[in-house]
Amino acid sequence: MDEPGQFGVCLNNSQCRVISISAQVPLSWALPLYGYVMPFIVTVTLATNSFIVLVLSKKDLRTPTNYVLLAMALSELLTGLSCFPWLLYYYTFHGFETDQESGLPAFWCTMFPYMAFILPSIFHTIAIWLTVYLAVQRYIYICVPTLVHGYCTIRRSKQVILMICFTAVWIYAPDTFATYNRSLTEYDHKLNMRMKEFMISQKNKATGTIKLCVRMRTWFIGALGDDVYYFMVYGLHTIVDVKTDSDTKNNDNNNNKDHQNKKRELRVYRIKAGLSESKRVQGLKQNTRMLIVVILLFLVTEIPAALIFATHVGAVGLHIEAILKYYGLINKLLIVRNVLIVISYPFRFAIYCGMSQQFREVVQQMFTTKVYYYH
């Protein structure tokens, strides 16, 4: 147990603050969406993406593009799994009631920022940039085919995937150096008056103590300063999100235009030569259509999510009064944003099965082999 009064000392020195999850995340919205909708989506994603990883790992499907799709499926799967334990504990199994009555247990207090923010953000950022790389790769295949052998190889895909993973970890690494969570136990008579109302609501009636989940500042953020740190980190995140969506949309538009041009050229060629399309051209067209749908699905969910996140950063960082009046609504929209991010993941399996003949053939072979083996 921590020494009584330790919280009062760090509070007076502005080195810590109490974490009030209910104030940050409105329970009226979080309970149904985080407690019931998200676990269902994550469970479905676990099944679909695990199957995608299994199929794309087959030797017949080892191509530069499929390596990117495989990494995307894995990163999306980890995005959901990394926050799954926290959502189950706090919302599905009503851990918030324990938090309100006697305080958050030490384990969950420590793991909360990692499971609720840092790890999901890292894996989601990886998925975002892999989608961008997928769009760039497809642009090279269609518009600059002379560069395919130099830039669209399995070795190059692996290098880019590793670089994206490293960059995503690097972007969120400052969060682990700036603050950390700690569970403190305090007695009533040591409480600061301005925190008394909050703490009484969490009082442990049996012992007369209060367990508080406190966010402690490290020397790093103390030396750098709050404003500089948060503008650097969250400003960078916002720029990355908006720039990523813009680049992906531009690449997608270019792919659509060039795909139409290729179709017109092929139509003229068939009329002149009287030849049918080769299997290679048919495969290229089929893959391009499938990847365009994948990228469009990404844009439909990510653009609203990026706008909500940018609004939140602008309201908090720039103290825009016109937006701060709706801060409660923005917190609710952040919940919707997180659901939007995850809800698109299971649809990728349907897209692959519906639009990729090679994917369907491998799936059929897997099931046929299993049926034959059991018989």
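In case you wondered, yes, glycine gets a Cβ from its N, Cα and C as well.
Remember, TrEMBL labels are computer predictions, not curated facts.
Per TrEMBL, these features apply:
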- 33-56: transmembrane segment (TRANSMEM)
- 48-352: domain 'G-protein coupled receptors family 1 profile' (DOMAIN)
- 68-91: transmembrane segment (TRANSMEM)
- 111-136: transmembrane segment (TRANSMEM)
- 290-313: transmembrane segment (TRANSMEM)
- 333-351: transmembrane segment (TRANSMEM)
Intrachain neighbours beyond the transmembrane segment (111-136), with Cβ under 8 angstroms and 6 or more residues off its ends: 19, 21, 65, 68-69, 71-72, 75-76, 78-80, 82-83, 85-86, 104, 160-161, 164-165, 167-169, 171-172, 175-176, 179-181, 213, 215, 240-241, 244, 247-248, 251-252, 255, 291, 294-295, 298, 302, 341
Distant-in-sequence neighbours of the transmembrane segment (33-56), which means Cβ under 8 A and at least six residues beyond its ends: 25, 66, 69-70, 73-74, 76-77, 80-81, 83-84, 87-88, 90-92, 335-336, 338-339, 342-343, 345-346, 348-349, 352, 359, 362-363, 366
